[in-house]
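All remarks here apply to the structure that follows.
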Amino acid sequence: MADERSGLHWAVSSGDEAAVRFSLEHGNENVNLKDNKGCTPLLLAECIKDEDSYESIVRILVENGADVNVCNNTPLYSAVFYQKQHLVELLLRAGADVRQNNLLHIAAEKGSEGILGLLLGDKRCTEDVINGRDRNGRTPAFVAAQHDREGCLKMLIAKGADLSRANFNKETVMEIIFENMTRPVQFMMDALDSSVVLEKINEKNRYYVDFKVLAPTKCSRQMDVISSLLVAANDEEKTEVLQHPLIELYLTLKWSRVCYFFYLWIVAYVVFVLSMSIYVTFLTHDYYRIDGAMMASRCILIVSASCLIAHAVLQCCLTHGNHFRKYELWLNLGCTSLSLIVAIAENPAENATIMHVADSTWVLHIASIAILMSWAELMLLIGRLPTYGYYALMFSAVLQNVIRVLMAFLCLVVGFALSFSIQFSSCSDFRDPWRALVKTTVMMMGEFEYGDLFADKVVGPAGATSRVIFLMFIILTSIVLMNLMVGLAVSDIQCLCIVSHARKLEKQADFLSQLEKVLTSKKFRGKYVPEIVKKVLKRNCIDTRYELDVSTKFRRSKKLSSKLIDSLVGIAKSHRGKNDQEG
C-alpha cells in the first residue's frame, strides 16, 4: 500500500481525462495501486461530479486492467447506485461480480429495469443470488414489492424469485405485494398470464405452462407460494386470483399426485366410523349383540381411533400450530378421543347384559356425542373431494345463515318460550323454561298441536291472552322468521354459485398445503425411513414446465376440463399476440 497518492490517483480524483491517459501511457502507473486509505484509482472515480468525465475515466481504467472487484464498495456498486447503465454493462463485461453488495436490492429499490436486466442476465446471477437476503432479511423481490416496482418485480419473478420468502419479521413477499402495490390483483393476473406461452415447433402450435411463479425452486415445498397467497389476500382478491386457469391447472396436477393419500385417509376414517357405530350398537342394544363381532369391532375401534389421533397430533406438530385454528381438527380429535374413552371404559363380559352397560350413564352420553361427531366429521371429509366440494359449501352457507338469524332473533324465541311456560304451565312440555324453549323451537317448524294446547282451556281473559300470544308466535316466527331464513339461504346459494369455484379451489389448496407440510417433513427423510417410502413421498412434486395437450383425444379423457384448456389456450394466444405487436 502506498503512503501517499500517486499521480494517477490525483488525476482521477480531479476528473482530468487527459492526465489519466498520460499517467497510464507514460507514467508506468499501477492501475490497481492503493493509496494510504486503501482506495484504488477506480474507487476514487466516484468523487468525479461530471457524469461524462466519470464514465470516460472509468472506461479508460477498466480498459487498462483496473480490478472491478476491488474490496469495499465496488465500482459496480457505485454504477448501480447512481444508475449508470452503460458503466454497469462495461463492468459486467470486465468480470465484475454481481453476487456482492446486494446489487439486485439496489436496482429493485430504484426501479432501474435496464440495470436489473443486465444483472439478471449475468450467468453468475443464480436463483440463490436472486433470492438472497439483505441485513433485514429482505429479498430483491421483497424490496421491489415494497417500493411498488411492478416492472422490476416481474423481471425477478421470471428469473425465479420466490414470493413465499419472508423477512425477519415473518412478512412474505406475497403479503407485501397485497399491502404495498397499487394493483396487486392485476399484477398477479399479469404474472400468471405471462407464464402461459405459445411456441411454434415444426409449424405446429405447442402450448407450455411454466409454474415457476408458483414453484420457483425445485424443492418439494411447492405449495408455499399459494399458501402465502391465501394468507395475504382478502376474500375478494382470493376469489379473483384463485380462478386464474394456471392456478386451477396447478392444483389439479398436484391433486392427481397426492389424491391417493386422501382416499387412504377416507378409508381409514370410514373403518373408524363403522367400527364405532357397530360397537356402540352392540353396547346399547342387547338384542343385536353378537359377542365375537362386538369384541372385533372394539379392537378395530381402538386401533383406528389411536391411528387417527396420532395423525392429528402429527399434523399439529408439523404445521407449527396453524392447524389449531381449524375446527375440523378439533372435531376430529374430539370424536376420536371420546370414542377411545368409550371403547376402553366399557368392556362387557360375554354374558353381560344391557343392564350392566346402562348403569354407566356417562358412557352412554359420551357415546351418543361421539357417534354424532364421527359421522359429521365423515361428512366434512367427503365434502373435501373436488366433486362434492360445491355441496359442502352450500351446506356451510345455509348453516351460517341459520345461526346468524337465530342469534339475531334469539330474544324473541326466548320471550315466547317463557310466555308459553306461564300460559301452558299445566302442560308437561312447558313445565319448566328449558322444556318450554325446546318445545317452542319445535313449534317453529310447524308442529303447533293447537288442539292439545287449547282443548281444556276455559274461554275468558286467560284463554284470550293465550290465543293472542299463540297467534303472534305463528305470524312472527313460523311465517316471518322461517321464511326469512329460507330466503337468505336461497339468495346466498345463488351468490355462492359465482364464488363457489374459487372457494372450492381455496379448500383444495389449503388441504394440499397441509398435506405437503406433513409429507415433506424432515422426519420422513431420516436415515431410518425406508427408501420405498421416500420415493412414494416424492411423488407429490410436479414438473415446473407442463406441455398442454389440446388434442381431441386428450379432451375426451376428461383429465382436464375443456373449459380450462380453452382458457389457457386463449391466454397463450393473447400473450403471443402482444409480444408480436411489441416486436
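Cβ coordinates come from backbone N, Cα and C, glycine included.
Automatic prediction, not curation, is the source of TrEMBL annotations.
Listed features, source TrEMBL:
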REPEAT    37-73  repeat 'ANK'
REPEAT    71-103  repeat 'ANK'
REPEAT    136-168  repeat 'ANK'
TRANSMEM  260-283  transmembrane segment
DOMAIN    262-494  domain 'Ion transport'
TRANSMEM  295-314  transmembrane segment
TRANSMEM  329-349  transmembrane segment
TRANSMEM  361-382  transmembrane segment
TRANSMEM  402-422  transmembrane segment
TRANSMEM  468-490  transmembrane segment
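Through the fold, the transmembrane segment (402-422) approaches residues 430-433, 435-437, 439-441, 444, 469, 473, 476-477, 481, 484-485, 488-489 of its own chain, all at least 6 residues removed from its boundaries and within a Cβ separation under 8 Å. Ranked by number of Cβ pairs under 8 Å to the transmembrane segment (295-314), the listed stretches 329-349, 361-382, 468-490 are led by 329-349. Contact counts against the transmembrane segment (329-349), taken as Cβ pairs under 8 Å, peak for 361-382 among the stretches 260-283, 361-382, 468-490. Taking H, G and I as helix, E and B as strand and the rest as coil, DSSP gives the repeat 'ANK' (136-168) the counts 16 helix, 1 strand, 16 coil. Across the range of the repeat 'ANK' (71-103), the DSSP-based residue counts are 17 helix, 0 strand, 16 coil. For the repeat 'ANK' (136-168), the mean pLDDT of the prediction comes to 92. Listed by sequence, the residues of this chain that lie at least six past the ends of the repeat 'ANK' (71-103) yet keep a Cβ under 8 A from its Cβ atoms are 38-39, 42-43, 45-46, 51, 54-55, 58-59, 62, 110, 112, 114-115, 118-119, 122, 124-125, 129, 132, 134, 140.
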